[in-house]
Amino acid sequence: MAGGRRQQRLNKSCILLIAIAGIERFAFKGVASNLVTYLTDVVNLSNSSAAKMVNSWVGFTSIMPLLVAPIADAYWHKYSTIMVSSFLYFVGLAALTTTALARSWHHKNRTMSFSFLSLSLYLISLGQGGYNPSLQAFGADQLGEEEELPCSKEDKSCNTKTLFFQWWYFGVCSGSLLGVTVMSYIQDTFGWVLGFAIPAISMILSILIFSGGSPIYLYKEHDVLQAKKPIMNIFQAIRASALRCFHCEITLPNDKSEVVELELQEKPLCPEKLETVKDLNKDPKSGMYLLANAKVMVRLLPIWTMLLMFAVIFQQPATFFTKQGMTMKRNIGADFKIPPATLQSAITLSIILLMPLYDKIFIPMTQVITRQDKGISVMQRMGIGMVLSIIAMIIAALVEMRRLDIGRQMRSAGSQSETVPLSIFWLLPQYILLGISDIFTVVGMQEFFYGEVPRNMRTMGIALYTSVFGVGSFVSALLITLVEVYTSSKGIPSWFCDDMVEAHLDSYYWLLAWLSTVSLLLYALLCRYYHKKSDSNSEY
């Protein structure tokens, strides 16, 4: 890829695993993208309850890698983790299909049916928690011993790694695109039993393909070392350092030949200045090295927190954007209706189509303006994406205000229909802007959290990135609950009223835009005082 170098190519095992990753995304998006419609139309949940359930489930799913990955890294082989996790994944999808089938046969005992639905969804979460990080790490292992997962942009010898992650991202986006478009249409047209059965069948197919490729995989020896258990080491280091801080250490000189009179050497309660990270890396077993790792995690926390509102905004396409689209004109021709969840594909298409333009057009332009080799810093990249997400929410609020105006005019004229003569394509700008913001912030988050943690914690750095969206989903559910409590206390209709003409999603979108603006300002302030790892001349 680089000038003057031979063309880099991926081996067969990498290509096979990228295809498997795409199949998994097809299965997951085939369920997640239209789940809110199933919960409201079939399970008969209210709009707010369905949105909270989807947010909580997506949040739990996104946090699971943070909980499962360290255990899998320390005690299991990646291959075994993938096989066990994929089986749990399939069981969850099969159970979900069974709940849809049971509801189509009879509608008694809804409580037990709902409990079984919840169990099946969280089985999917548990399976994905071990499956996704292990599959990607196993895919990176196929690059060979010298191609460790992953590398920085400054590393000139990592063309193959860069190529692998580019195609991995393409495979994931392609699977997501198919899952959103194809499965949404099947679920809305042919029913939910078939709509959930196809993801389950595709998952069992991916298991067969993965196991069939066993002879061509490259396997690495599984070493269970202390360096592979950074979380436990952090707590041990904090405990040891705290004990040292409360006890003065008194030592005697070692060289007795130079001693005329024994003197006590007083040690300070706590070191005033830690060694540089470069020195600490020379002795990775030292307590101060481990304490430095803990400090790295703590100093990332403020930035991590400011990114949560961006994650909250990204919960809207699968919940309220979809409900918004259900009340708009969706006809193409006389017979065909666009499934509202299909518009989520605009996010993925924006990423696939515009990602090459980022490197070919945007970066050269910013290099001229900023006179920096990378054009903009990683933190500036994330900030630009946050700005775009705020603009997307403002546009969403304006479109919703227009939809409500038309709906109320129709209601005043005596019409009881919730569908307004406003094309669903008016929602496209907010979807596309979120896709562009994804290119900036999501990719920037991966690079930032991976690059700012010590070498032996980089898997946890990737998990920190995914946990932003997990916790963001829970924050979204909490916001919905708080808004409902507030509106009920005032005796006014809920912003998430089941009657979409009486709802006030526009007010909710304005609230998200305002909270995101505050978060962006605090983020910008933190960036002024944040010292990156490279600024400290550290060599992780």
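Positions of Cβ are set from backbone N, Cα and C atoms, glycine also.
The transmembrane segment annotation in TrEMBL covers 57-76 (among others).
The feature transmembrane segment is assigned by TrEMBL to 82-102 (among others). Same-chain residues lying 6+ beyond the ends of the transmembrane segment (82-102) with a Cβ under 8 Å from its Cβ atoms: 24, 27, 31, 38, 42, 68, 76, 113, 116-117, 119-131, 134-135, 138, 191-193, 195-197, 199-200, 203-204, 206-207, 210-211.
The feature transmembrane segment is assigned by TrEMBL to 167-186 (among others). Here the transmembrane segment (167-186) has Cβ contacts under 8 Å with residues 10, 14-15, 18-19, 21-31, 33-34, 136, 139, 194-195, 198-199, 339-342, 344-345, 348-349, 351-352, 355 of the same chain, all six or more residues outside its ends.
Residues or ranges marked as transmembrane segment by TrEMBL: 192-219 (among others).
Per TrEMBL, the feature transmembrane segment maps to 296-318 (among others).
TrEMBL lists 338-358 (among others) with the feature transmembrane segment.
Distant neighbours of the transmembrane segment (378-399): 303, 307, 309-310, 313-314, 316, 321, 324, 426-427, 429-430, 433-434, 436-445, 447-448, 451, 506, 509-510, 512-513, 516-517, 519-520, 523-524, 527, 530, 532; these residues of the same chain sit at least 6 beyond its ends, with a Cβ under 8 Å from one of its Cβ atoms. Residues or ranges marked as transmembrane segment in TrEMBL: 378-399 (among others).
Sequence annotations record features per position, and here TrEMBL assigns transmembrane segment to 431-450 (among others).
What TrEMBL records for 462-487 (among others) is transmembrane segment. Note on the transmembrane segment (462-487): residues 48, 51-52, 55-66, 69-70, 133, 300, 304, 307-312, 314-315, 319, 445-446, 448-450, 453, 493-496, 508, 511-512 of its chain, located 6 or more positions outside it, place their CB under 8 angstroms from a CB of the stretch.
Tertiary proximity for the transmembrane segment (507-526) is limited to same-chain residues at least six positions away from its ends with a CB under 8 Å from its CB atoms, namely 302-303, 306-310, 312-313, 316, 320, 382-383, 386-387, 389-390, 393-394, 396-397, 400, 479, 483, 495-496. TrEMBL lists 507-526 (among others) with the feature transmembrane segment.
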Open item on the list: Under 8 angstroms, Cβ to Cβ: which one of 192-219, 296-318, 431-450 has the largest number of such pairs with the transmembrane segment (338-358)?
Closed with: 431-450
TODO: Six or more residues out from either end of the transmembrane segment (296-318), which same-chain residues have a Cβ under 8 Å from its Cβ atoms?
DONE: 32-33, 35-36, 54-55, 58, 234, 341, 343-344, 347, 379, 382, 385-386, 389-390, 392-393, 396, 431, 434, 437-438, 441, 445, 448-449, 452-454, 457, 464, 467-469, 471-473, 475-476, 479, 509, 512, 515-516, 519-520, 522-523, 526-527, 530, 533
TODO: Could you tell me what the rest of the chain brings near the transmembrane segment (431-450), counting residues at least six beyond its ends with Cβ under 8 Å?
DONE: 150, 153, 300, 303-304, 307, 310, 313-314, 317, 321, 343-344, 346-351, 354-355, 358, 378-379, 381-382, 384-386, 388-389, 391-392, 395, 458, 461-462, 464-465, 468
